[in-house]
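Now, the feature entries from TrEMBL:
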- 613-629: compositional bias 'Basic and acidic residues' (COMPBIAS)
- 609-643: region 'Disordered' (REGION)
- 101-120: transmembrane segment (TRANSMEM)
- 132-151: transmembrane segment (TRANSMEM)
- 163-184: transmembrane segment (TRANSMEM)
- 196-216: transmembrane segment (TRANSMEM)
- 222-243: transmembrane segment (TRANSMEM)
- 255-281: transmembrane segment (TRANSMEM)
- 293-313: transmembrane segment (TRANSMEM)
- 499-520: transmembrane segment (TRANSMEM)
- 532-550: transmembrane segment (TRANSMEM)
- 562-580: transmembrane segment (TRANSMEM)
Amino acid sequence: MAHPETLEVEKESKLPLLTSPLIRARRGSAGPTPASTFGRDQPDLDDFGYRDDVPQQEIPEFQKHDEATAIEVFYDLFFAANLTVFSDVVDITNTEKLATFVVYFTLLWFNWALLGLYDVRFITDSIFERAARAVHFGVMVGFAVICPNFSLSTQQSGTFQTMSVILMTSRLTMALQYGTILWYCRGYRRAKLPIAIMIGLNFVAGMIYLGLGFTFSGGNRSIYAIWFVITAIEIAVSVGLSLKWDVLSFQGTHLASRVSLLTFILMGEGLCLVCLGVVRIVQNANSWTPPTIGNVTAGVANIYVVFMIYFDWRRSIRLGKYKQLIWSLLHFPFHLAMRIFIEGSSQFVIWWKVFETADGVGVEFDKALAPIDDPNFNITTSWFVEQINNTVTNVFNTFVPKYAITIEEFNDAIAKLSEIPDEFWSDPELTLESPEVTDTLKTLSDLTLTIENSLLAGFKIDGFSGFTNTTFTTPEEVANLPTTIHDINSGKYDLVFKYAYIAAGITLILMNTLFIITSSRKWRPFDYFHKALNYLIGIGLCLVSLITLNLESYANFTSTPWPLPMLLLVFFLVLVIHHLPSPPPIFFGKGKAKKQSSTEGWEAVGVGYQNKGSEENSDGRVSEQRVQETDTLTEYRGAGAQQ
């Protein structure tokens, strides 16, 4: 016969069909039994004569977690994987793709957020919850499946219908999950109505998403906006209910910790994105030049510096209910701006390699033309054509052209150069400024543009895509094709430059706003200066995009490898300023120096305490008065640290 204790252990190790999210149940009620899944034994305070102002049967008490559970973290990884897949198939190189990314990211982020709002309050471990989570994982896989064909310009009806079905599946699954919470709270009068509203909200939203799926036909270009309207209503109602009813409150949950965790995961995903850009450009050992190394280093270091700024500015995240919600929801625009900024960093790495390779081709072409001014060098057409052919062939061997028209344009250029008679080079009056040489230079210039266009097409920055299945009717159109595609690609780079700097500025502005929300102590004059300076630097980064209005300055700046390292220098400057010691009071107002405690320059912030004071009654006797403040997290900060 088995030992009773052994049987008890075996019983507890089995996964239940459902698990109660409640800590304890009202004695004698038909409600749930106390949950012991997380090993928290709660005493029955009724035995000690404790009574709430509100009857216990009206207020359920849920389990709280200090940090995200393993299954929550695993779900967050699905979120990051989706962004990686989307970025791999869709490079943000035009306004349509940028808008598509914003729409896709918004739907993905709020789908994650709505489930996250459920998780931080009610997550448990059971067969039902694992099955529901499997459905949510399937939803994330659905997001990844449709991303190659998800485009606002083409709007394939099947893709957008699938998106509506995906959103519907997510909401109906959450309605079932809230339904289990209602079942466990059926004995609590004040809990039933708000939870029932959440069930109805998710069910109605799911049905609306299903109905919208039938409207996507014939390339409807505006109906998808209803997705955002419904999502906004869902978020607004969920937040409003949490503020009105304690049963749905986020106080005491790990909501802020969960949002911060997603921030770190997105930074890691962004690092993968930059590394993918490096893999694209580094085809051989000769690809590693000092400017390329500098840009790759800047792309990776940007993410690390942003991480350090965010972590240093993220003070105690035990916030009040309003601050907590504002701080958490502000992470949506922050995550979006940070992700676009990282995308821009990855694009800068690729664009610089293209510019550097094209410049190298130009240098080799100049070397081939240099003997024209050297009377001691007997230049011939065959030698000249060989130099040009070898230069271009070396590039095409490393970066194979994507389109056959590139090879055709290269062969046409070589054939045209081969027609130059040898007498042309022996003319004693021939110089680089001669009209005959001008035509040769034009041919070489077009060939350089052809190489640059081919490199960009190989890196998925494809100016040729707009000419697919296009029939050219005149030789002039064919001759001007390299210039036309080059102009299109230049517009793509202009967009990358603008959104990278604007997103970088917005990222800094939003980080500073989050920094302000979590500040707890009274500000000193230097604190105002520090935070205002952060805003000014962020605005300055946004305004750098206006340099595109001055074509000469813009060309001089973008022809160097500095656009990406410049962003790194600015963010590093912000980090250094943050960690500089506070200046003496003479610079930012006078004030009495605070006495230092035994912590040697460290101050305790938000320390809960109990104190016994005394007061005199009307009869002259002194009685004890107990003063108790709300317990908060004890946190020590360095004297030079800013909040």
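In case you wondered, yes, glycine gets a Cβ from its N, Cα and C as well.
In this chain, the transmembrane segment (562-580) touches the transmembrane segment (293-313); three or more CB pairs sit within less than 8 A of each other, excluding pairs fewer than 6 residues apart.
Here the transmembrane segment (101-120) touches the transmembrane segment (255-281). Their Cβ atoms form 3 or more pairs under 8 Å, with each pair 6 or more residues apart. When Cβ-Cβ distances below 8 Å are used as the criterion, the transmembrane segment (255-281) is approached by residues 66-68, 72-73, 76-77, 79-81, 83-84, 87-88, 112, 116-117, 119-120, 287, 292, 296, 299-300, 303, 306-307, 310, 314, 317-319, 324, 327-328, 331, 334-335, 338-339, 342-343, 345-347, 349-350, 353, 459 of the same chain, each at least six residues removed from its ends. Counting Cβ pairs under 8 Å to the transmembrane segment (499-520), the top-ranked stretch among 132-151, 196-216, 222-243, 562-580 is 562-580. Outside the transmembrane segment (196-216), and at least 6 residues removed from its termini, the chain residues within Cβ reach (under 8 Å) are 155, 157, 160-161, 164-165, 167-172, 174-175, 178-179, 182, 223-224, 226-227, 230, 233-234, 237-238, 241, 248.
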